[in-house]
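Okay, these came from TrEMBL:
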{"type": "TRANSMEM", "residues": "A:12-35", "note": "transmembrane segment"}
{"type": "DOMAIN", "residues": "A:12-416", "note": "domain 'TRAP C4-dicarboxylate transport system permease DctM subunit'"}
{"type": "TRANSMEM", "residues": "A:47-66", "note": "transmembrane segment"}
{"type": "TRANSMEM", "residues": "A:78-96", "note": "transmembrane segment"}
{"type": "TRANSMEM", "residues": "A:102-123", "note": "transmembrane segment"}
{"type": "TRANSMEM", "residues": "A:135-158", "note": "transmembrane segment"}
{"type": "TRANSMEM", "residues": "A:170-191", "note": "transmembrane segment"}
{"type": "TRANSMEM", "residues": "A:211-234", "note": "transmembrane segment"}
{"type": "TRANSMEM", "residues": "A:240-256", "note": "transmembrane segment"}
{"type": "TRANSMEM", "residues": "A:268-293", "note": "transmembrane segment"}
{"type": "TRANSMEM", "residues": "A:313-343", "note": "transmembrane segment"}
{"type": "TRANSMEM", "residues": "A:355-380", "note": "transmembrane segment"}
{"type": "TRANSMEM", "residues": "A:400-424", "note": "transmembrane segment"}
Amino acid sequence: MGALVFGVLPLGLLGLGAPIFVVLLIATCAGMLFIGDIPLRAVHTAIFGSLDVFSLLAIPLFILAGDIMARGGIARRLIELILAMIGGVRGSMPMATVASAAAFGAMSGSSVACVAAIGKLTIPALEKGGYTRIFSVSLITATGVIDVIIPPSIPMIIYAIAAQQSASELFLAGIVPGLVVAAALAGYVYLHARWHNIAIGARPRWSQIRVAARGAIWAVLAPAIVLGGIYGGVFTPTEAAGVACVYAIVVSVFLYREMTLAQVWQVTLESCVLVAQIMIIVAAAGAYSWLITTSGFPARLVEGIASLQLETWMLLLAINLILLCVGSVLEPPAAILVMAPLLTPIAHQAGLNPLHFGIIVTVNLAVGMFMPPFGLNLFAAHAIFGTPLPRLYRGVVPFFVIYLMILMLLTYVPALTLAPMALYR
Amino acid sequence: MSAQAERVVPPSRDTLSAVATCAGHAIAAVAVRIAGVALLAIVAINCANVVGRYFFAAPIGWAEEAMLYLMVLLVFSAMATVTWQGRHISIELVADLMPAAARKAARLLVIVLTVATCLLVASSSYEVVSMLHAFDQRSDALEMPIWIPQGCILVGLVLAGALTVLRLLAYRLDEPERRLD
Amino acid sequence: QAPITMKIGTATLNDAQHEWMKIFARLVDAQAKGRIKVEIYPSSQLGSIPRMVEGTQFGSIQAVVAPPEFLSGVDTRFEIIGAPGVFRDVAQATATIQDPAFNREFLSIGANKGLKGIGIFVNAPAIFNTRSRVEHLKDFAGQKLRVFASPIQTEQIRKLGATAVPMSLGEVLPALQQGTIDGLMSVLPVLTAMRFYDAAKYIIETDQAMVTVVSVVSKIWFDKLPGDLQTAVAEAGAVASVEVAPWAVNFARQQREAWTAAGGVLTKLPSAEEAEFMTMLRPIGAEVSARNPQAKALFDLLVKTAATKA
Ligand code: NA
Ligand code: NA
């Protein structure tokens, strides 16, 4: 029965082309009625509970901010500046995309927000630069999860609470892994540009840079204001998303005059449709994970692993596999709440540093966000950029492989996560 | 609304389908506008709260709660529009490989399942919302009756079910394939 | 016959609330002889506290263990037990809330809203955790302090000349690190467990109010149980609430030591200022409860009972 409800039923319905939220709700209702003996009222409460989460506000707000920046001239000016500066380097545009996502990661904890905001800015420029749409969308889909790894990260805060670790130390531990991911992705896009012989732009000339920079002053100030506001204690990372909206509206309408207020309203309506497409899945996934939590299934899975008495390196591999599987169905916060209490005792017994383990958990769940077939980043990218999911599934494969290699590196080289801590102390 | 948000539909073949099309368009248009107002209200409250807290040491006590309830309203009203426009995210991997007749059957099955699911969850939602109403349960900061924000889910699910039916009446099963890119 | 499942949830992990659930599960198991299987869900696995409360009311889960302030949306009377200046110390608070007359009265709140109270205990005294050192009353002026959006809490902050900032728990740590807020009102064991000393190392032990924990079960579910199992659940709740009290005191002491061991600093108001502080805050309970006759009756009973537990 369990296999039917958690495996066969959802996959069959997905294959028929049923909306994801319907698939999740059917599986949830079936599980509650036939396995859990739980009244369906729990579905309603779980749906409301999974949306009534403050950090989720970053999603609609950054989607709106990204839409306005893309239409109101901010995005174009930023791209022109970047191309004027580094256009002469092979793979510069996708590298700039990776760098932007990493920078965005330092001001947000939501990777869907990153896909929306950075993707809106960079995808048109990537296409203009000769990269295929599928490569560009896959790049941003996979790069967006860097947001979860680079502090501040909401999943890390939740892990810290669940595993009783210091979130500050976990943030510190996340810096090097975040940079490793960024460097590996940058290396890959450079090779991609070489293999596909993507044309190199003109060598930068000072006069061009000056012109581009003069035009882009207000645009460049956008990230500066957001980062400055967060690290200056003016607003929280989630609130920053709302500030970004207001800034984008003011600059686009009153300074660049590339948008009218009526157009802002149109963009708002279109953003709302995107938000609903994505967040109805967040809501249904919340109900589904409530069912999984109460089903006892994760506990049995972990018990099974523990009973095998594996060597440490094998145990780590097994834990990575479990986390990838769980992360492919559940969003990181829910997955951490369910898995951390189960896995941390095992990790402790195996003598793993809890912060190192926290990074392993976080990166695994981050990868899960774009691992087919489920993955909120995949759905978000599909909604925002219209790329069909099957094509996106193929497109993210190289990035998935890169992340797996990084995952192994981070798993078996604890120094990468723990070294900054040693310096700090 | 722009071309992308308001998609053109094939000419209706009979009165039923014409009425369904009109009704669907009207509901979807109103719903997305409610969502738009909610989203801009979130932006405004967020900024007022930041300014009040940082510059005037006067944060808005109910800001967080109001923004969250508006987000629930936004999601479930715009969901009606998403449903009418047939833009719910799905994976059309297998369906694309099937012959036309099988594809139609699959589409009908999906429609039936969607309506059934929305109504099933809506019925349990109705139980919760009516109990919250009977208990006069309040939110912490706004002291607003909690059945109001939670009722958004009920209304959203009922609308999604209804619009799925209207869409079937308006377009039948042979709506043109749509690709966004 | 398969045992009846009882899902109980709380928001925290490895603290007094979690310990209460473990004791309760053990007692129910012994009393009901395996006919009820208690499943424990710590760290908000079943959802946020308001959602767990609703789940309990409507029978999708069977019990929730939480500070009563979180149930004030169900009935405002739940909040009055957190009023400042009512108790001198933890021992007096424990004696008061376990007094049969008050205990029965308090646990009957929510009976008309799908809840049945089965136990209440003291978690720890309220304290302030701040980024800068607070030693005197005047140091509170102008501080942005995170509290729950409850009249009793915001009123305390107002009287101190500080700003009450409601903020969701997930935002608190980054906000504290960057200085978006200057501190928060909480209890020490929670702060140590979440290692807040990295972001804000000063705690001033004002102890002006007691943070308590109430355990409520789903009335829909409870009323359907056979009589002997109803007794088992109710008794286990009462006994667990008494048994957990010394554990909570001991745990708070350990966590207090852990705070200083980790580089955190504990301060107290000078005794003259402490008296002034209490005089300033004590009227809040009466003021807030005066808005509702039922709340006033319960608050009067609380004060009267406390007076007998010298
Ligand atoms: Na981040
Ligand atoms: Na996934």
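All residue numbers here begin at 1 and follow the chain in the order shown.
Using N, Cα and C of the backbone, Cβ positions are placed for all residues, glycine too.
Could you place the listed features in the three-dimensional structure?
Nonlocal intrachain contacts for the transmembrane segment (A:78-96), taken as residues 6+ away from its ends with a CB within less than 8 angstroms of a stretch CB, comprise 121-122, 124-126, 129, 131, 136, 139, 186, 189-194, 198, 200-205, 208-209, 211-213, 215-216, 219-220.
Long-range contacts of the transmembrane segment (A:135-158) within the same chain: residues 55, 94, 97-98, 101-102, 104-106, 108-115, 118-119, 122-123, 126-127, 167, 170-172, 174-175, 177-178, 181-182, 185, 189, 192, 230, 237, 332-333, 336-337, 340, 358-359, 362-363, 365-367, 369-370, 377-378, 380-381, 385, 387, 392, 395-396, 398-400, 403, each at least 6 residues beyond the stretch ends and with a Cβ under 8 Å from a Cβ of the stretch.
Beyond its flanks by at least six residues, the transmembrane segment (A:170-191) meets 90-91, 94-95, 97-99, 101-102, 105, 139, 142-143, 146, 149-153, 156, 159-160, 355-356, 358-359, 362-363, 398-399, 402-403, 405-406, 409-410, 416-421, 424 of its own chain at Cβ-Cβ distances under 8 Å.
Same-chain neighbours of the transmembrane segment (A:211-234): 69, 73-75, 77-78, 80-81, 83-85, 103-104, 106-107, 152, 240, 243-244, 247-248, 251, 255-256, counting only residues six or more beyond its ends whose CB sits under 8 Å from a CB of the stretch.
If you look at the transmembrane segment (A:355-380), the same-chain residues 6 or more away from its ends with a CB under 8 A from one of its CBs are 14, 20, 111-112, 115-116, 141-142, 144-146, 148-149, 153, 155-156, 159-160, 163, 165, 169-170, 173-174, 177, 181, 277-278, 281-282, 285, 316, 319-320, 323-324, 326-332, 335-336, 339-340, 343-344, 347, 389, 392-393, 396, 399-400, 403-404, 406-407, 410-411, 414, 417-418, 421.
Sequence-distant contacts of the transmembrane segment (A:400-424) (same chain, at least 6 residues past either end, Cβ-Cβ under 8 Å): 142, 169, 172-177, 180-181, 184-185, 188, 313, 316-317, 320, 352-353, 355-356, 359-360, 363-364, 366-367, 370-371.
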Before we move on, state whether the transmembrane segment (A:12-35) and the transmembrane segment (A:102-123) share at least 3 Cβ pairs under 8 Å, counting only pairs 6 or more apart in sequence.
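Taking Cβ pairs at least 6 residues apart, the transmembrane segment (A:102-123) and the transmembrane segment (A:12-35) are not in contact, as fewer than 3 fall under 8 Å.
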Have the transmembrane segment (A:240-256) and the transmembrane segment (A:47-66) got at least three CB pairs under 8 Å, pairs 6 or more apart in sequence?
yes
With a Cβ cut-off under 8 Å, give me the same-chain residues at least six positions beyond the ends of the transmembrane segment (A:47-66) that come close to it.
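Answer is 108-110, 112-114, 116-121, 154, 237-238, 241-242, 244-245, 247-248, 267-268, 271-272, 274-275, 278-279, 282-287, 289-290, 333-334, 384.
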